[in-house]
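Engineer: Structure below; questions to follow.
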Amino acid sequence: MQRYELIRLIGKGGMGEVYLAHDKACSRRVALKRIREDLSGNALLRQRFLREAKIAADLIHPGIVPVYSICSDGEAVYYTMPYIEGFSLKSLLKSVWQKEVLSKELEEKTSVKSFLPIFDKICATVEYIHSKGVLHRDLKPDNILLGLFGEVVIIDWGAAIFKHAKELKLEQDDEAAVSFDERNICYSSMTIPGKIVGTPDYMAPESLLGVEASEKTDIYALGLILYQMLTLAFPYRRKKGRKLSYRDVVLPPIEMSPYREIPPSLSQIAMKAIAINPADRFSSIQELRQALQPYLQGDPEWTVKATLMAKEKSCWKYYDPILLSRYFPVLASSPAQWYNFMLSEVEISASTRVEYTVTKSAVHEGMGILFLPSKEAERGEFYCGYGLWFSVQNHELTVSLIKNGIEIQKKSQEMISQQSRFAILIEKSDNRIAVFVEQALFILHIDYLPSLGNRLGVIIQDLQGMSNIAISESIGALRVSCLAVPDAFLSEKLYDQAAIFYRKIRDSFPGRKESYEAQFRLGVTLLTQIEEQGGDLTQALSSFDYLHGGAGAPLEYLGKALVYQRNGSFVEEIRCLLFALKRYSQHPEIPRLEDHLCFRLYDSLHKHRSEALVFMLLILWIAPEKISVREEERFLRIIYHKQQATLFCQVDKAPLQFRSSKMELFLSFWTGFSLFLPELFRRAGGLRDYQALADIFYVAGVSGNREAFMQFSTALANVSDEITFPESLHNQKVAELMFFVKGVEALRNKDYQKAKKLLWKTPFTLQLYALDMFHIQAFLDEEIESFIDLLQAIYDPASEEERDHILVYIIQTHLWNRDLERAYKLLNDRFPLDEELAEYSEAFILWGCYLALTGDRVVVKAHFSRCRYKYGKSALIGKCVDGDIFDYLDNLVWWEKKMTLFQSYFLLRCLNESPRRYEKYRQAYLSMENNFFD
């Protein structure tokens, strides 16, 4: 030990002594632990001491002091480690024992709130050593060191051992099985060197009776430490060495120290950890830590506020039969069915838990749970707020989350076929709703504002199948949001009072989340107030300017998007959301914007289908994980007709996959949303995907986005010598694509002979794309002969299958030239009227144009009146016979608007309408934006 100079003794344990020492070689202070002189001759204890050092040296964790060196030469047996300034957990607990009044500092240090993070760090360290196969076997406050700078470390590894080690077997007196019922056990607070390893006060009952140590014996010791942290007292009150009956003396922490305001379930956690029977304890440290997480995160403690009996009318303010469609109009259940509707007499708080069980048969036709704002509920407006719809079909449970009558989330899961009843738990807290079925999380939804529902409603057919409903509210959260007060005012629509408190919170916490959250909610409060009381909604924009460039910057744009949404400025709404998502992509508040996008998608599906495809595209691009597989199937059904009417989907027979670049291109095409086209082009080029590149050129060209078309042409020319597409893509070369690009430019410049020569060198798909781009321009400019010439040049060498794609253009030219005989023959042969024609098909429109040329306007109107979708594209084209349709165009997607204008122009020409009428549609088409934002 010549290298070390001992300064002073700083600790003494069962086997060793710890000194503060000076390391002369490194010129630093270290902690030196050596075996006690009176035990140095004991070979077993000497071996255990060295094992302690080696175990500590093998473990690397912030909660374990690393070992610098180990010495076992001659009589000197010691090891060194860093010296950590601090104090033991025992000394902190001892400082408050038997004190009636604590200083403010000591009260804060020993509060439940302060102790729990320390305990979690201790558990994290023990969880780590268990993962390495090590048991500590002597966990106690004396062996927990609290550093001056926040360190929490476990010391004294003298009793530690690897599980299943031979030494563990040698230390046991008896390997026989032991029963734990009513044993008299002797306790002591000192580690006993010898056969019994550990400190009896902190040893599990089975360890004192000679049973092999395990993870659960360490869990027991941790439970005692937690008990002391909660109560500031030890669970046993007896003299040293006295025998006592364990089961008779341990009081739950909540009873031991009622003044400490210990949440009941936290008290139960401690009692479970120190259960007399190991089987009743936590199965692992991980399970113990998971049980503590709600308290570490400040989640609430729940207490039952009311119990509602489904068949007891006195529990309900409103109890009547209703038709389902009034409350859940979007659901598949028959709206003609009658259900029992109950509205709770008791009001529920902002943080509420609803628990009940229900039979499978009771929800066969569905049941609903509603969270309704009081004022709306009083007026009978039961469709406001949030609702949940549960249904079981074919052993599959489906849960739908409804907001203001709109289904915004849906999840299904198979159930155990024999299961006849299941437990449901719903937690509504602040801006969060969580649904648990059989203790498993089923749905989680986070809104951008607190949920305002404070009445509980129930819709069900079979009252016999539903248990009583327990309504609990939070009482024991370790932290309560300062926003709770203004949120309560907002829920009651006391806007002025809410605004006052939001401003106070904003000014009281500068630079913190509470500040920007308060400002955001202030903005939404003002917006809601203006909307309800009347006024200019854009006045609320300035309240969100306060968030600009600060910690909550994305919320500025979310708030402004809300203003534009309610003001009907869809393009500006999208601009705001895109700006925030692009500029602050890594910001922790971005998930709130993603959730808002999801809500807007589902909302627009029921209100503005023209907007829904834009939100679908944004979610696919930014947060595809938000859409479940079942929702994918639903969305594919919604866009099926548009897929059938899309040329590049007709050419490629492969099914359109929802999560694919082609779907993103499809949505970009229909919405005119060209922002993502450059990235799609780059992606397709990187994959050497010839067909995808051709599709992107087509979308840019047919939508009139000349800037994007030329940008892609330049990019393609720059790599034309570097890329050759593989054999699997028909061995097409970049040169062919360049011929196509130049051919389209020649058509645009009306150099038709050059265009024909260039397009002759391209495959049929590219010729078809060029033809489709040119045909609208030709009809609008009334240059039909040039179009017919190009059409014939492409038609003649084409195969029969390829000619089918060209047929509609041929019919159009016959109709334009009043060649009714040829037009009728082609229409009747290929698309006979006696067959059911899809109204979204091009043939349906062409039949309408043919009937218009026969001169019978009544027949034309009758033809278009067959449309099921009264404000769909085909129906609107029919409406132009008697009047203008411009006021209806907002119901259509961007590309539908363009095609409706063109086909209305074409129909009016066929009807021999005055130039003044059809010219309006021609000019409207030409003046329409080339893309979403122009």
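Quick reminder: no glycine exception, Cβ is built from N, Cα and C everywhere.
Annotated active site, proton acceptor per Swiss-Prot: Asp138, in sequence order. Annotation comment: Swiss-Prot describes Ile10, Gly11, Lys12, Gly13, Gly14, Met15, Gly16, Glu17, Val18, Lys33 as ATP binding site, evidence class sequence analysis. Residues or ranges marked as domain 'Protein kinase' in Swiss-Prot (evidence: sequence analysis): 4-296.
What does the local environment look like for each feature on the list?
Structural biologist: The secondary structure of Asp138 (active site, proton acceptor), as reduced to three states from DSSP, is coil rather than helix or strand.
Counting every protein chain shown, the Cβ of Val18 (ATP binding site) has 19 other Cβ atoms within 10 Å.
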Engineer: What does DSSP say about Gly14 (ATP binding site): helix, strand or coil?
Structural biologist: coil
Engineer: With the cut-off set at 10 Å between Cβ atoms, which of these binding-site residues ends up with the most neighbours? Options: Gly14, Gly16.
Structural biologist: Gly16
Engineer: Taking all residues of the domain 'Protein kinase' (4-296) together, what is their mean pLDDT?
Structural biologist: 82
Engineer: Go through Ile10, Lys12, Asp138, our recorded positions, and report the one whose Cβ sees the most other Cβ atoms within 10 Å.
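Structural biologist: Answer returned by the neighbour count: Asp138.
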Engineer: Quick check: of the binding-site residues listed here (Ile10, Gly14, Val18), which one has the Cα closest to that of Asp138 (active site, proton acceptor)?
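Structural biologist: Closest recorded candidate to Asp138 (active site, proton acceptor) by Cα: Gly14.
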